[in-house]
Amino acid sequence: MERSFVMVKPDGVQRGLIGEVISRLERRGLKLVAAKLMRVSRELAEEHYAQLKDKPFFPSLIEFITSGPVMAMVWEGPNAISIIRKTMGATNPANAEPGTIRADFACDVSYNVVHGSDGPESAEREIRLWFGEVEPSYSRSVDRWIFPEG
């Protein structure tokens, strides 16, 4: 089973979209295995977005992510990363497919509601950074109908 980190950003939390994000991911068959509502320290934000440190928008990104609470989550399922990325839509909501989270709710590229890991390596790094060790997975009674191969 693949795991991915997902964060509802401060704009999504302020607008009451946590439930919408969770609902959409659950309807795609994914399983929520860890979650916490939290305020992000400057240190955590800078470490999370370290690969963007040299970008001109880095200071405003850190300011935004630390401006209010976020909902940090770990999701699990076959092809979880690609399913989550398709469900979120393009980073820039102007380019997001209709029916995706960002097309439906994001205001612009800076306030785009949600973050999701972009690959297995970043998922592992982000999950460890935000959660440390995540408990082993649990089984749902419906898993054998949703994922018949495994």
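Placed from the backbone N, Cα and C atoms, the Cβ positions cover glycine too.
As recorded in Swiss-Prot, the features of this protein are as follows:
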ACT_SITE  His115  active site, pros-phosphohistidine intermediate
BINDING   Lys9, Phe57, Arg85, Thr91, Arg102, Asn112  ATP binding site
Cβ neighbours within the same chain of Arg102 (ATP binding site) - under 8 Å, at least six residues apart: Met88, Gly89, Ala90, Thr91, Pro93, Ala96, Asn112, Val113, Val114
Largest inter-residue Cα distance among Lys9, Phe57, Arg85, Thr91, Arg102, Asn112 [record-listed ATP binders, Å]: 22
Distance from His115 (active site, pros-phosphohistidine intermediate) back to Arg85 (ATP binding site), taken between C-alpha atoms, in Å: 9
Residue, out of the recorded positions Lys9, Arg85, His115, whose Cβ gathers the largest set of other Cβ atoms within 10 Å: Lys9
Phe57, Thr91, Asn112 as binding-site residues, winner by CB count within 10 A: Asn112
Rounded Cα separation (Å) that holds between Phe57 (ATP binding site) and His115 (active site, pros-phosphohistidine intermediate): 16
Distance [Cα-Cα, Å, rounded] between Lys9 (ATP binding site) and His115 (active site, pros-phosphohistidine intermediate): 7
